């Protein structure tokens with residue numbers, strides 16, 4: 001959390017995170033470009049530029065695949081949550097690797113011709129009416145434009161400027177970029193070298209990603225609040241909410257509420273963190289504040305306000321009880337509205 | 001389960017990472033690093049062989065007669081203990097040498113450049129500085145006329161003659177298609193790489209049956225397996241495939 005926008009706020013965890021990602025990237029590139037060529041069974045060496053475009057292109061694909069797996073893995077196993085913390089740096093590194101791939105394609109395949117290289121990119125191959133020989137470069141261009149847009153807007157300034165909802169929608173384009181990358185590889189590289197092992201790696205990565213997303217979706221489905229009188233919905237038994245944790249209630253149409261139990265009280269907040277719409281209900285009460293599991297943004301449970309000097313606010317909700325059963329008013333209060341916490345009475349069985 | 005880090009709560013701006021979680025993250029980091037290094041090694045190691053070729057490091061000077069077939073070809077007749085040879089010509093970058101050859105067809109010239117060689121294909125990359133220079137004529141040496149080898153249907157790949165002959169490694173396939181098309185548009189001679197040999201050669205200078213040089217007609221088929229009919233001629237050590245574009249079809253893998 002920060003009161004003002006700064007280029008990058010470095011913590012030890014971020015340095016270690018970036019260091020591991022960069023080390024993995026460098027090892028891949030060095031192995032590809034420096035170690036393996038001595039072991040290749042070829043009649044003559046592969047051109048440096050072609051080897052580099054292959055190395056950086058395949059590396060970018062693997063990095064983006066891993067980035068996309070972090071979200072669902074965190075849902076399936078909370079121990080992956082720290083990988084979410086600095087995912088934007090990971091994305092910028094992957095975008096830089098993709099740019100290196102484009103640089104070698106641009107300077108080797110598209111350069112030194114009668115056409116301007118940028119014009120050549122779009123006009124050298126216009127066989128749009130066929131699968132074999134389709135201008136697969138166009139998918140690469142689409143993916144690169146998206147990656148650049150996401151890298152450029154990855155800073156919190158853009159998050160604040162665009163609002164979290166719009167920023168999140170924009171960054172969901174990463175899935176379109178991934179689809180474009182897979183199409184780019186399938187219509188290009190697969191038809192070129194045709195290495196079955198690389199085909200297997202790409203297919204396994206893409207199918208694995210679909211698999212973990214489906215698995216995460218099935219385990220993270222929040223219970224729907226049962227409609228009651230007027231605007232009140234049944235939010236389940238109080239005794240089943242663990243201390244300093246929350247239960248997430250799905251009100252439908254994408255609206256979810258996190259009901260926290262802490263210090264013998266109950267409070268309800270929107271499940272969306274004001275920072276990146278992270279799932280507050282998967283967070284904890286730390287130092288008396290609801291703490292987002294993604295980046296540690298904090299809010300007071302009774303009014304949804306970040307503690308001073310921070311200024312973020314989230315919507316709050318009213319609660320009432322009927323013995324051990326909890327009822328939630330589905331009408332959200334404006335962000336920062338104080339709602340008196342509901343006490344957990346002694347007569348209620350404590351399941352926390 | 002206690003002690004496996006699943007209950008730990010990580011906050012990035014607090015530097016202390018709970019120990020069980022720290023161990024888990026260290027293992028994940030190690031796996032990522034090792035897997036990436038291993039994949040880089042294996043994927044690069046499995047690179048397909050681009051095939052043997054002479055790749056343009058040898059600078060030579062050749063004297064012969066310049067012919068248009070229809071691309072510029074330098075014919076070096078037999079004599080003085082050597083066999084006749086024909087060299088396809090291309091320029092530096094993705095350019096042909098038609099503009100330098102104009103007005104010199106049928107004349108004795110000296111061409112300085114870099115030799116590319118693949119199978120029966122010999123290509124000279126004409127040196128931009130030295131170019132094609134008119135040379136003294138020989139009264140006794142004359143190139144042999146082309147020899148017809150009849151009509152054939154061949155299956156193979158259309159490539160640009162420069163990249164395939166050795167200027168790039170590899171210089172064929174669909175990943176290389178845009179580059180090949182740019183070469184052909186720039187005037188580099190197209191070649192047909194057949195899956196089967198005709199009279200001992202798998203490599204052919206590709207023209208259409210009107211001896212045309214309109215490479216755009218082949219653009220949609222470059223880099224993929226196609227079959228096409230046409231007449232084959234032998235000119236010294238290399239072969240010309242005068243294909244009929246109307247018979248060109250995509251062939252199965």
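Placed from the backbone N, Cα and C atoms, the Cβ positions cover glycine too.
Source: prediction; values computed, not measured.
Feature transmembrane segment, per TrEMBL, maps to range A:88-109 of the set A:88-109, A:220-241. The stretch in closest packing with the transmembrane segment (A:55-76), judged by the count of Cβ pairs under 8 Å and taken from A:88-109, A:129-152, A:173-191, is A:88-109. With helix defined as DSSP H, G or I and strand as E or B, the domain 'Rieske' (A:232-328) counts 6 helix, 49 strand, 42 coil. Long-range Cβ contacts of the transmembrane segment (A:88-109) within its own chain (Cβ-Cβ under 8 Å, at least 6 residues beyond either end) map to 14, 17-18, 21-22, 25, 47, 49-50, 52-53, 56-57, 59-60, 63-64, 66-67, 70, 117, 121, 137, 140, 143-144, 147-148, 150-151, 154, 174. Away from its own ends, the transmembrane segment (A:173-191) comes close to residues 54, 57-58, 60-61, 64-65, 67-68, 91, 131-132, 134, 136-137, 139-140, 142-143, 146-147, 149-150, 198-199, 202, 206, 209 of its chain (Cβ-Cβ under 8 Å, at least six residues beyond either end). Mean model confidence for the domain 'Rieske' (A:232-328) is a pLDDT of 93.
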